[in-house]
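Structure first, commentary second.
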Amino acid sequence: MQGHKVKLQSALARRIWFVVGSCKDIPVYSLDWTPEKNRIVSASQDGRLIVWNALTSQKTHAIKLPCAWVMTCAFSPFGHSVACGGLDSVCSIFNLNSPTDKEGNLPLSRMLSGHKGYVSACQYVPDEEGHMITGSGDQTCILWDITTGLRTSVFGGEFQSGHSADVLSVSINASNPKLFVSGSCDTTARLWDTRVASRAQRTFYGHEGDVNTVKFFPDGNRFGTGSDDGTCRLFDIRTGHQLQVYYQPHGDGDMPHVTSIVFSISGRLLFAGYSNGDCYVWDTLLAKVVLNLGSVQNSHEGRISCLGLSADGSALCTGSWDTNLKIWAFGGHRTVI
């Protein structure tokens with residue numbers, strides 16, 4: 001079977017796993033859960049997007065891409081379509097309900113073209129199928145009208161308050177979808193209001209390396225970041241203050257990079273993936289490690305590249321350069337954390 005691997009795993013109770021497919025030596029770069037049903041879309045540079053049933057581990061779609069060099073993927077809010085972007089500088093959208101062509105391939109339903117650099121991040125606006133925000137190596141973010149394929153607003157670029165280096169990550173505020181944050185190689189994160197594209201609302205400093213990942217806290221008033229400097233940080237969008245720093249429990253020397261973060265539904269836990277294969281579960285209040293998923297049996301053997309939490313908060317999916325996706329069910333049963 002063509003495609004990267006998936007392992008289903010119960011991390012804190014019985015650890016059950018199995019492989020449903022493999023693609024040798026092809027790292028997984030991105031994943032996203034559908035908000036409603038138990039499906040996951042994953043992207044690796046094998047030239048396909050794969051949609052999985054997270055309960056059965058069965059592959060439901062293997063979408064052939066116009067460009068194999070994909071870096072990011074996303075599920076639409078109602079699960080009708082998936083999107084991806086990468087080194088071709090466009091965001092490609094596929095309607096999962098469209099009929100396949102005579103070769104069995106799902107046709108491309110929309111191509112969002114306008115960035116002048118690689119597309120590093122894409123996210124649908126919550127509760128909408130018609131709008132999306134992308135981030136790019138051209139130092140900008142763009143709000144798109146998917147129906148027309150046109151740019152609604154461009155954030156950054158010629159504006160002085162924009163990023164001065166590649167944008168690596170974006171996160172939209174689920175409580176107020178007019179707000180989103182972006183993380184960049186310029187070591188900052190910036191808060192944007194889609195109604196005021198001409199300037200960033202705030203710039204957040206503190207990191208000493210590329211900001212690889214940003215994610216809003218569940219209450220929408222705070223957000224987290226992860227960086228090449230090896231730390232995660234928590235910021236308040238109302239005051240602009242840094243609230244907490246999450247230092248790895250390593251000694252001196254080069255710290256593994258933080259590649260991806262996600263909060264539990266309650267916000268009490270922060271999951272952080274690292275370039276050495278560790279995946280720390282942090283207590284957000286105490287800034288202490290509760291568990292390292294990288295140290296348990298059958299953990300990843302390579303860089304953690306992406307994380308995602310199921311809609312009900314009961315399971316975490318991790319993707320890695322070891323070609324595997326793993327689903328961790330907390331406590332061996334579905335509990336909200």
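The backbone N, Cα and C atoms fix where each Cβ goes, glycine too.
Unlike curated entries, TrEMBL annotations are predicted automatically.
Because the structure is a prediction, the values reported are computed rather than measured.
TrEMBL has this to say about the protein:
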- 28-62: repeat 'WD' (REPEAT)
- 112-154: repeat 'WD' (REPEAT)
- 160-202: repeat 'WD' (REPEAT)
- 204-245: repeat 'WD' (REPEAT)
- 297-328: repeat 'WD' (REPEAT)
With the repeat 'WD' (28-62) as the reference, find which of 112-154, 160-202, 204-245, 297-328 contributes the most Cβ pairs under 8 Å. 297-328
Is the count of Cβ pairs under 8 Å between the repeat 'WD' (160-202) and the repeat 'WD' (112-154), pairs 6 or more apart in sequence, 3 or more? yes
In the repeat 'WD' (112-154), how many residues does DSSP assign to helix, to strand and to coil? 0 helix, 25 strand, 18 coil
Grab the pLDDT values for the repeat 'WD' (112-154) and give me their mean, rounded. 96
Would you mind splitting the repeat 'WD' (297-328) into helix, strand and coil residue counts from DSSP? 0 helix, 17 strand, 15 coil
